[in-house]
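Taken from TrEMBL, the feature domain 'Ig-like' covers 36-124, 293-380. Per TrEMBL, the feature domain 'Fibronectin type-III' maps to 564-659, 664-758, 763-867. Look at TrEMBL and you will find 646-656, 1070-1084 tagged as compositional bias 'Polar residues'. Taken from TrEMBL, the feature transmembrane segment applies to 950-971. Annotation source TrEMBL lists compositional bias 'Basic and acidic residues' at 980-1000, 1058-1068.
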Amino acid sequence: MERHRKWTLGIWAYLLLVLEHLTLALEVPLDLPQPPTITLQSPKDYIFDPREPIVIHCEAKGKPHPSFSWTRNGTHFDIEKDSKVTMKPNSGTLVIDIISGEKAEAYEGTYQCTAHNNHGTAVSNNIVIRQSRSPLWSKEKDNKIVVQMGNSLVLQCRPPAGLPPPIIILSLSPRVSQAVNGDLYFSNVLLSDTRTDYICYARFPRTQTIQQKQPISVTVLESKTMNLRLNFMNSPIGERKPGFMMPLGPTSTQMVLKGETLVLECIAEGLPTPNIIYGSAYHIIKVTVKAAPFWISAPRNLILAPNETGILTCRVSGEPKPKISWFINGVPLQNAPEDRSRKVEDDTVILSNVQTGTSAVYQCNASNEFGYVLANAFVNVLAEPPRVLTPPNRIYQVITNNHALLDCASFGSPSEYKDGDPYVIHENGTLEIHVAQPLNTGKYTCIATNNLGIKENHVFLEVKGQSLYRESGAEGMKAVFECKVKHDPSLIPTMTGLKTVLRFRMTTESLVIKDVVDEDEGTYACHMNTTLDHDSASAMLTVVANSRTLVYCVSAVMAERPDPPADLELTGQAERSVELTWTPGDEHNSLTQKFIVQYEDLLHRPGVWVNLTEVPGTSPTTQLNLSPYVYYSFRVVAVNGVGYSDPSQPSRQYRTNPAAPDENPSDVKGEGSEPGNLVISWTPLTGLQSNGPGLEYRVQWKQKDVEEEWSTKTVANVSQFVVSGTPTYVPYEIKVQAINNYGTAPEPDVAIGYSGEDLPLTAPDSVQIMVHNSTVAEVHWEPVSFPSVRGKLQGYKVYYRRERGLHEAEEEAQPQPEQFLLFSGNRSEGRLPGLQPYSLYQLHIKVLNSKGEGPASASKPFETKEGVPGPPSYLNAVQPSLDSLTLEWGPPQSNNGRLVGYTLKYQPEKSNILNIFCSQISLFTLTMLFTHLLFTAVANRQVDIATQGWFIGLMCAIALLILVLLIVCFIKRNKGGKYPVKEKEDAHQDPEIQPMKEDDGTFGEYSDTEDHKPLKGSRTPSNGTVRRDESDDSLVDYGEGGDGQFNEDGSFIGQYSGKKERDTHEGNESSEAPSPVNAMNSFV
């Protein structure tokens, strides 16, 4: 896929880039597939407080979202086996609970996190977990010291070793010095130094504890010969020349690591206390600086299109020189499958003609005796149209004569590109203008193209005028500092940096000091700032006491990038070293911080400049360590506070002579790719490491613990060799030695490898299953013998499948997919969670090695226990009437066992909940319900009759009818007069019929007394059963005058009855329907 990107400026500039390959460290949008990237991890050295949980961070991103795993001390850390360890959801962060009594020491070790998806694997640093410790001081005998006045004295602290080391706190007295180790040094002691409480304290910062050393008693004895006796020079008798208490001897050495703080101790003794008057003493300390590996250029992510080429570069420095190792997806590169498109040369990996599906994460590890650095860089192969990630229409503003950087972040950047004066296009797509001028103002277009599409992005550059500072002097006895600037009209300047006192008056452009006094003498500075640049100037005010003359000294400073170094010269030439000197360029008002020495290898990598070393800015010379058989050219770059200079002109070529190899191939491995072979692989030497022409490799191997001679084969231009006809999975001793035309490398180390694996021979035996509950079963088996594994044991796979529910017939069962769980390592038991209750399962087990699975064990059935049934599938209220309601429900979707029946719960208003057990039915009718009755069913569905539409309509109609009757009665009552029929009715009035009380004004309110109608009994289907649940209330409790018995079919015998209003012998018994008046009163 050929891809182009170009920058255009209006109609003047057109810059076209032909991209031969893409090497850009970009953030891939998460809507595109991408390998994992570690975004957060704990520090390499993690000291935890045993009073708090251990939290080991590991966060990563990728698409799909990565999964996480951990190793501890180089082996897989099975988190599920340890109940104290949990992993945060969608994260790799571990939380270890050590507060609940577990020994914290058990979790010390080296941890490493792995983030994996189907595009690659990223790994974290090795995180060393250690517990903080604050031990007590060892007990000592009473320490009493007696010393003669004027002598020197050392009080030793000797704190206990803690983690991290303690901070020493001493109770100091005058004329004493404290050493780094806490010891207390007296140059000379006085009588006033007599004390009994010299105490050394050690504070342990992690645990916030302070330990105390046993007090030391010091007694100073007075010297009679020194009592007030003075010689003719007025000096005390007994004086001593200065000497060193620390360090001892005339010279000493000290080693410090780069980046650490260098502490040099120099503690003197003498009488009087040493100073520059009473003699002198010298001690020379030779300091050696070593360095743990540090990055010069870490590998960056690559986003490549199919058939393109990319380069990963891992450049580090350190003292001694770090060793570089490459990995792919966490596996050493020499152990990965051979890829002809991949070539490794020391600190560089070249990927040619990549293809879709070859995305991966590469790791570079550089280490020496003082530490290591590790970096992940993914190679993401995407067949995607171009994307420009820089926001469109961005406005860049710069000041005239400064450099401008216009971003064009996209998928891809050139390894070879063309520059047009005054433009430079960097490999990440950024357009740089070294010296921006007003004519560069305009609209710039970045165009990214490939054979799948084209994408444009526009940005704008505004070049502003430079701010210039102006200041002037004074007049009379007041000092006037003017701070005037010339600036771009679109930028607003602000002035800072002038102090204000009562006699000072400051405006936006000046500072006036009234009535100048001697104390006003000094340097005054004015700082002018805009949003894009700043400028400053200073003036010195000198006050002459006699004439009050005011003298001003004015200076203005502007810093720029340094000029490139010049006049490179090679001297002191040797076989493996050369001295390089140069002349620094103009610093432009900013001190040079450092020089970077680069080299080009014209023999092996022409055109590629590599950082070789860094030199302090104060030293224009350095000794360079070289490799044999290299054609060197050198150049130097200066760095100050503003930026990097342009590179110097290259030095003359310097060639080193060939020699025998200094080292052998690294990462020698032996692994079988199939049964009966052994693949010996290694990391080849780079061109720099070969030391001469004719590089070959002498490969040697023999079976371990077998008396036989070494087999030998010499190969060239390869990184592996295949040995055939080997036994299955046996250990071999392996050696690989480098050879060239000038000799052989030193004797190589012996590595241990294994021949190819084959599938396991036997199946696990004695399979036993224990069912714990309705969803969990535990399976045990007898592990297979080690010889029958025929490879590296990975674990055991337990396969299981649900055949059917125990309540289902075989012909009704639906086929279920087979599931499996992998139990890593040499296990003999495991748990199967998430099973379905009341079901029949079949189970078998296979052993697993790196080659695959062995035969299956005999299938073994097991049944899970009953579980809690699911809720009814529905609950409906049907056929409602004024005093009854029928409930209908469906069976649960999951019985999870033998279904016995249903429990119906309902609750009359202001009463207890009533329970009714219904056996194997799905319909039930509640009768004799009060008009305002709220009840609940087992599915928590509530029905309030008083809120039903049909009931509200019925009540409204009854209320209207009662109102009409009341009106009619009222009219008749007020007509007056008596009628014959009325008189006759009055004469034959029934004594048991009670007249309505006129002052009552009601038709008889509903109450719970015995004078009202009872509820009717409940009706159930003939095949249903009704029983009283454990509630204190039941339907029987609502009847009076009867025992509330049931028929055999479960229906009520008779009906609930209340106290009768008439005797039965009068023949007035009747079955009344509920009174509309009572119903209305109840509704109200």
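Using N, Cα and C of the backbone, Cβ positions are placed for all residues, glycine too.
Small disclaimer: the values here were computed from a predicted structure and weren't measured.
Each residue of the domain 'Fibronectin type-III' (763-867) gets a DSSP state, and the totals for helix, strand and coil are 7 helix, 52 strand, 46 coil. For the compositional bias 'Polar residues' (646-656), same-chain residues at least 6 beyond its ends with a Cβ under 8 Å from one of its own Cβ atoms are 563-566, 568-570, 573, 575-576, 578, 580, 582, 598, 600, 602, 609, 626-637. Taking every recorded stretch in 293-380, 564-659, 763-867 and counting its Cβ pairs under 8 Å to the domain 'Ig-like' (36-124), the highest total belongs to 293-380. Put simply, of 564-659, 664-758, 763-867, the stretch with the most CB pairs closer than 8 A to the domain 'Ig-like' (293-380) is 664-758.
Remark: secondary structure over the domain 'Fibronectin type-III' (664-758) totals 4 helix, 47 strand, 44 coil, with classes taken from DSSP. In the predicted model, the domain 'Ig-like' (293-380) shows an average pLDDT of 90.
Each residue of the compositional bias 'Polar residues' (646-656) gets a DSSP state, and the totals for helix, strand and coil are 0 helix, 2 strand, 9 coil. Under DSSP, residues within the domain 'Ig-like' (36-124) fall into helix, strand and coil as 7 helix, 46 strand, 36 coil. Residues in the domain 'Fibronectin type-III' (564-659) partition by DSSP class (helix H, G, I; strand E, B; coil) as 0 helix, 53 strand, 43 coil. With DSSP classes pooled into helix, strand and coil, the tally for the domain 'Ig-like' (293-380) is 3 helix, 52 strand, 33 coil.
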